[in-house]
Structure formats: C-alpha cells, structure tokens
Amino acid sequence: MAAPAADVEKKMDPQFEEVSSVSEMSTTQEGVTAAYEAKSTLINEYIENEIGFGRYQFQLFFLTGLGWAADNIWLQGVAIILPQIKSELHPSRVEFATMSLFIGLIVGASVWGILADLIGRRLSFNITLFIAAVFGIAAGGANNFTTVCALIACLGFGVGGNLPVDGAIFLEILPKNQQWWLTLLSVWWALGQLFASLVAWPLISNFSCADASNCLKADNKGWRYTLYVVGGVTAVMWILRYIVFDMQESCKYLVAKGRDEEAIEVLQHIARVNGKTMTLTLETLQGAAKERTGEPGVNTKMSTYQVVRNAFSSFDLSHVTPLFSTRRLAINTSITIMLWGLIGLAYPLFNGFITLYLSTQVKDQESSTNRTYRDYSIISVLGVPGSIIACLVVDYTRKNQGSKFAMGGRKLTMALSTALTGIFLFLFTTSKTENAVLGFSLASGLTQNAMYGVLYAYTPEVFPAPHRGTGDALCSAFNRICGVLAPVIKIVTTNPDGTAVGGTANGPIFVSATLFMVASILMLLLPIETAGKAAL
C-alpha cells in the first residue's frame, strides 16, 4: 500500500531534499519545480508499492530494446558494408558513407529528443523506426555513391531518435528497486551488433566480388541484400511497436505538463495490464503538490493538436536552462555531455571501420572476406556478456549504496570499463598475428559494452523527467556531432587504399584509445551518483 500524500516529504530521497525558493514555482536543486517533485515522488511510491514490475514493463523492455538494437544494427551495418561499397562504386573516400550516417543521427537525436519533452514520448517512439526502415531498404537499391550517402543520412535521422527517447520512456515507469533493468537494456545494443554481423557474414561472403578491380553490380549484391534484410527487420520492429503494443504516454511527462488526470489514467492502465489495482487518485496527487507549495497546480486535458500547437507556439530554452540551474547540476550536465562527445568520437573511430582494420591489421597475410566477417561475428558475441556484467555490477552497487565509499556505484563501474577499453585498444595496435588481433578486439568489445551499459543507465537517471528528453537529446546529439569527426580523422590519417599517411595506419585507433582514457578520468569527477535513487 502506498504512503499517503502527507508522508511524501518525509520519505523523499536525500538527493532531492534541498529546496530553494526562487518564485511561486520554486525550483529544487535538480532543476524541477517543487510541485512536480512532490507529485513525481508520490508517483514513484505508487509505482514501487502498487504497480510494481510486471507485464507492461517487460513488454516495454522488449520494444524499447528493439529501438536500441536498431541503432547499433544500422551503425554496424554501414561499417560492415564499406569494403563492398568501395569495390563496386569506387568513391574517392568511402568514409563519407559513415559521415552521412552521423549527420543524420545528429539531426535525429536533436529533433526527436527535444520533441519528446515538447509534445510527448509517444510520437518519437512510434515513428522513428518506420523512417529508418523505409530509407534503409531504399539505400540497398541505390546505383551511385551519392545516392547511397543521402539515403543513409535519412535513415540516420529516423534511427537517431531511439537512444535519447527509448531509455527515458522505460525509466519513467520503472520501480526504484528495478532500475537495473535500464542497464540491462544495453544488452540489446550488443545484440544489434551481433545481428548485423550474422546477417552480413553469409551474404557478403557469398555475394561479393572476388576481384575488387573489376567489380560489377551483378557480382556484388551482398551489401545490398544486407540492407534489405536489416531494413525489413526494422520494419517488423516498427509494426510491433506501433500496431501491436498499446504504448502509453509517460505519466511523468503528463504531470510535468499539468495533465494530472491523464497521468492517473495512464497509471491505472498500466496497473490493469500488470494485474494490479492502483489506489492513487487525482485528489491525492494534487494534494501532494499543495502540501509542498500551498497550491495544487493546474490540471488540463488537451488533444494532440493542442499539445503540438502549444509546444511550438512557446518554444524556448525552458527545457535546457533547468539542466544548469544549480552549480552541482551544471557541472554534472556539462561533464555528462562532454563524456558523450568523447565516446561519440572514440567508439566509431574503431568500431565504425572495424572490418577495414580486421582485413588489413595483420601484415603478410592474404585478406579473406570470410575470415574478416567471421572474426567480426565472434567479437559481436562477446559484447552481450559485457552488458550483462554491467547490469550485475550496477545492481550490486545499488544494493550496497549504504557504503561510505563515494567512488562506488555507476561512476566507478563506468570509469573502470572505459579505461580498460582504452588499454585494450592500445594493445590492439601492437597486434602482429590474427589471434592477437582477435583477442584484443574481443576484450575491447566486452569492456565497451559494459561501459555503454552503465552510461545508458546513468544519463537518463541523472536528468529529471520534465527535461529528460532534452538532456538525453543534448548528450546524444553531441555524441553524434563528435562522431562525424571519426571519418574525418580516418581520411586525414590514411590513404584511400588504407595505407598510412606519413606514419602508422593505427593512428585513428591511437586517438580512440586516448579518448577512452580521458573519458574514464572525467567519469570519476561527476558530482552526482544515481545508484540506489529513484529517478524523478
């Protein structure tokens, strides 16, 4: 049974206790109004004590996971097909295909993430995969490199909205003691890479040109078949999300917009799906705000048209400035965004061209397409336990958060896995044998997915729901903006044939490893630890 409204303030998490009155709509140190904080805290109690984790959350875990998988499927899918595109279409720099993808991802992450805070989470959730599927399939039929790049940019615009939105959707309906599921969501990212590699391996191995100097379209359909399959699977994902599943708007988004009655209806629907009964009423919810501020707050009910009209008629920085409203929050937001930027450059510098590295790293050995994609598939398999390890560590730190060691929890786990990733990439550059190349690639694949697992959980946890979509969008957009530099660095440091420019062909990997090491240090400087705390 949930606590009554009168007990809300007594039961608040210590992280959210300090309140400073700025105006009638007082703002807490977490960048939200006191009225919203009181309502959100009460909702968290009812979610934990009455609704629990049940069928609705499990279905949402599966469907938001598909969105995360799609993001990495397309990121890896483009990386996988670069050698075949290069052989058939003869672009001056094949890296421009990766650059096009990241340009689309930048725009997609910004647009869909911000829209999530303006007009709700459902629109982004329901349409992003459809856009990715349509343009992904179309890219498979392109006859020149310019068209390929344009269509890849468009699919990036669609799929780019998944990471900043899907994690927020899932987090906002999780009980506090089940927030480790958000870390486990990253296993879908690893499964996306594995799926892309298992699709591409047989198709590219069996339907690619034997002679790169005389490569005709009819002899090189493997990369096109790969895009058709991945695009078709993405379309099935969209059908499951939009048609099969009855997606509810985020109750915390609704409360933040003053739509309390609709928030209660959403919670009641979720409780029914879970086979539970929820006793929270509109009067109790508004009573929590009244006890905190003296005012119950407004309650409105709007149509979709009204929501969209109001959002764009009053568009401003109201969802950005609260993320920097206090010194502590400003430092944490700035470091978090910077981390996403550093990793956004470091990750694709290696993974965005991994098939090129695997096929050229070992000297004096004839490159084999089958060997390259076999090794890539093995590396992808080991990414899955990386995410699971991250989940287990995060859950352990949550249960043991009473410890006096401030370095525990999300921050230490992220920093350690990120530093190990950098170390393994440095070792990769020393590899002289196929086994060494594969071994260090496997190790870095494990630690990278562990790092991403915790980072994906920490980021939405540290932003409050009224501004969570915008915060996630800023991080994701900066991640993609820096990612655009990956092909630029690759172009500057290597010739079109993959040989080094004035030095070593491992230049991009050295840069990647260094960035991971710098990011690991910054992670230790984050002032906010989210382990064991319910997300606002």
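Including glycine, each Cβ sits where the backbone N, Cα and C put it.
Per-residue confidence over the domain 'Major facilitator superfamily (MFS) profile' (60-531) averages 81 (mean pLDDT, predicted model). The domain 'Major facilitator superfamily (MFS) profile' annotation in TrEMBL covers 60-531.
The transmembrane segment feature in TrEMBL is assigned to 60-82 (among others). Listed as Cβ neighbours of the transmembrane segment (60-82) (distance under 8 Å, sequence separation of 6 or more from its ends, same chain) are residues 94-95, 97-98, 101, 125, 128-129, 132, 136, 152, 155-156, 159-160, 162-163, 165-167, 169-170, 173, 181, 184-193, 195-197, 199-200, 204, 222-223, 226-227, 230, 233-234, 237, 240-241, 245, 247, 348, 351-356, 373, 376, 380, 456.
Annotated transmembrane segment per TrEMBL: 94-115 (among others), in sequence order.
Annotation source TrEMBL lists transmembrane segment at 127-159 (among others). Beyond the ends of the transmembrane segment (127-159), by six or more residues, the same chain brings 66-67, 70-71, 74, 78, 85, 89-91, 96-97, 99-105, 107-108, 111-112, 165, 217, 223-228, 230-232, 234-235, 237-238, 241-242 to within a C-beta distance below 8 angstroms of the stretch.
Residues or ranges marked as transmembrane segment in TrEMBL: 180-205 (among others).
Using a Cβ-Cβ cut-off under 8 Å and counting only residues 6 or more beyond its ends in the same chain, the transmembrane segment (225-244) has close neighbours at 63, 66-67, 69-70, 73-74, 77, 80-81, 125-127, 129-130, 132-134, 136-140, 159, 195-196, 199-200, 203-204, 207. The transmembrane segment annotation in TrEMBL covers 225-244 (among others).
What TrEMBL lists as transmembrane segment is 337-358 (among others).
Annotated transmembrane segment per TrEMBL: 378-397 (among others), in sequence order. Away from its own ends, the transmembrane segment (378-397) comes close to residues 76, 180, 183-184, 186-187, 189-191, 193-194, 196-198, 354, 408-410, 412-413, 417, 438, 441-442, 445-454, 457, 531-532 of its chain (Cβ-Cβ under 8 Å, at least six residues beyond either end).
Note on the transmembrane segment (409-428): residues 343, 350, 361, 386, 390, 393-394, 397-398, 401, 437, 440-441, 443-444, 447-448, 450-451, 454-455, 457-458, 461, 509-510, 512-517, 519-521, 523-524, 526, 529-532 of its chain, located 6 or more positions outside it, place their CB under 8 angstroms from a CB of the stretch. What TrEMBL lists as transmembrane segment is 409-428 (among others).
Among the features that TrEMBL reports, transmembrane segment is placed at 509-528 (among others).
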